[in-house]
Amino acid sequence: MNLKYTVKLANGVEMPRLGFGVWKVQDGDEAVNSVKWAIEAGYISIDTAAAYKNEEGVGQAIKESGVKREDLFVTTKLWNAEQGYESTLAAFDESLRKLELDYVDLYLIHWPVKGKFKDTWRAFEKLYKDKRVRAIGVCNFHEHHLKELMEDAEIAPMVNQIELHPQLTQEPLRKFCAENNIVVEAWSPLGNGKLLSNPEIKAIADAHGKSVAQVILRWDLQIGVVTIPKSVHQERIIQNADIFDFELSEEEVAKISGLNKDERTGPDPDNFNF
């Protein structure tokens, strides 16, 4: 297992199990440098979004990295204000322009905007059929959102990127996604940093000679979840990828999963107002 370790999506596309997220990373030097450091450290999956306002920096880093485009897996996301059929197609073109890419590997609906996400999904299906994206999916969809979307969808979402960490393990939703061949991806895998001082995880980390962050990211992999930690510090970017040389026991995985409190650090997808 290493950074090239993948999971197969419903359509056969291979998606890396560990990626690099750029939420809250400033456009310009910070985005360019952190993405270049990630690529140098061996990451091949980069996760951005229109709302992060750093697609240009991500694109520049990809160009300057010298790595072939086809060797990378690039994800971006459609923001809420652009949802709807025509506006989605226009927003996708704008994301490609900023990234300076001909296609993205994965395009995601960022949040389930009521009354709009079905029309938006039709545009996603068109982009997929037109081979402008290799895979399509959603973020922050509860089970009822997924069911509503899939009632009329021609193509089911291949990925659901959700807030997921040891205090929000999302087990019922993960089970539903598994039954429907939807890969689950974790954003905020470290619980916004809140979990880094957790004594139970710290004890497990000490036993393995690893950091708390490394143990949580390893837990993600072992429960079958794709994960995308973010950092703007080169040393941390490298450390977050150093999770392939140890394994948690079943007891350790269960102990970490047992920390669940159904506690969010971000908005509830049933109750967001942006």
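Each residue's number is its place along the chain shown, starting with 1.
Glycine too: its Cβ is placed from the backbone N, Cα and C atoms.
As recorded in TrEMBL, the features of this protein are as follows:
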type	residues	note
ACT_SITE	TYR52	active site, proton donor
BINDING	HIS110	substrate binding site
DOMAIN	17-260	domain 'NADP-dependent oxidoreductase'
SITE	LYS77	site 'Lowers pKa of active site Tyr'
Mapped DSSP class for LYS77 (site 'Lowers pKa of active site Tyr'), helix or strand or coil: strand
Integer Å distance between the CA atoms belonging to the residue listed as 'active site, proton donor' and the residue listed as 'substrate binding site': 11
List of residues, in chain order, with Cβ under 8 A from that of LYS77 (site 'Lowers pKa of active site Tyr') and at least 6 apart: THR48, ALA49, ALA50, ALA51, TYR107, LEU108, ILE109, HIS110, CYS139
Neighbour tally for TYR52 (active site, proton donor), based on other Cβ positions within 10 Å of its Cβ: 23
